[in-house]
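Have a look at the structure below before the remarks.
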Amino acid sequence: MKYAAFLPTIGALVSQAIAIGVQGTAEGFASSVTGGGSATPVYPSTTDELVSYLGDSEARVIVLTKTFDFTGTEGTTTATGCAPWGTASGCQVAINKDNWCTNYQSSAPSVSVTYDNAGSLGITVNSNKSLIGEGTSGVIKGKGLRIVSGAKNIIIQNIAITDINPKYVWGGDAITINQADLVWVDHVTTARIGRQHYVLGTEASNRITLSNNYIDGESDYSATCDNHHYWNIYLDGSSDKVTLKGNYLYKTSGRAPKVQGNTYLHAVNNYWNDNSNHAFEIGDGAYVLAEGNLFSDVTAAVESSSFTGELFGSASASSTCQSYIGRDCVANSFSSSGTLSGSNVDVLSKFKGETVASASAAGTSPASSAGQGHL
């Protein structure tokens, strides 16, 4: 009888062990990513331990079971910044990072800024890592992640990254990717971020998939002074291939995303809801295939004044895509929103022979399926 009493406990532990790991597989450009593979899961208990696991040279599956709060761990800085968007209580102000205020906003009012140093630079993530959250428990607060300088084969799934100096532009980014390859970010929630939720820098980042993520733009501070975050997704790489699928972008006001450099972007089945300014900025060197997306209460689906790149996407299905990606393109949908349209076949030619994500009809499902806790 004593042995029998232990059986449920053993069974529960076995079930938990089986459940710990990456769920599903990436679609699109990062479809061959494996992350930490079958490495034995590790469970950091301190911020130092988390930093160590992410930054070492071992293949790892790293499981977050609690909040790792970096706020205050590196002290604070008080300095003079600027207020380019005004001094009202709901406006972001800027840190004078690299003399940005001095060189580019010399006419803006000067203001005192006090920011948390930990947010300024994210945690380095080295190659062959899977960083996953357990349920809704895995949170990194006050500091982001940096996947840079040749890092590759990385999966980030089912975590939240929050509260990185939200009042301050240049206060820090949630996820930075630069000169990387095979990165899959899936079911991640980002909220109350000072600068970009996602930024792909000017170096080439070859195969990236951002899927089923919740970009929560609601904030007490914004550059548009209206509780809608302006700095959301910035894709600026010299040779980037990015799949953006199934994401929910809520209460944004710009750069959602901003695409330029030499970036191939497949934006498919995303849901933009309550955007007070514009979603896409499509600049020089951007090739954007947009299909099956829903824009609801979005003032402008694409900013016309900065539109110098290439776009294929419309409100009707297109058989033109068949000879390039092996299927028809799916119509975008618009509700109380500005529209986007483009029929540049040069865009489709960039995707020929590439691993392209599937597409379904536009809808609101990302609102309930994207982000942490919705695997």
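The backbone N, Cα and C atoms fix where each Cβ goes, glycine too.
Per Swiss-Prot, the residue from CYS82, CYS91 that shares a disulphide bond with CYS225 is CYS91. Of the cysteines listed (CYS101, CYS321), Swiss-Prot assigns CYS101 as the disulfide partner of CYS82.
CYS321 (disulfide bond) is 47 Å away from CYS82 (disulfide bond) when you measure Cα to Cα. Between the C-alpha atoms of CYS321 (disulfide bond) and CYS225 (disulfide bond), the distance comes to 40 Å. When the disulfide-bonded residues CYS82, CYS91, CYS101 are scored by other C-beta atoms within 10 Å, CYS101 scores highest.
Cα spacing between ASN128 (N-linked glycosylation site) and ARG255 (active site): 30 Å, rounded to the nearest whole number.
A 10 Å cutoff on Cβ-Cβ distances gives ASN128 (N-linked glycosylation site) a total of 20 other Cβ atoms nearby, all chains included. It is CYS225, among the disulfide-bonded residues CYS225, CYS321, CYS329, whose Cβ has the fewest other Cβ atoms within 10 Å in the structure shown.
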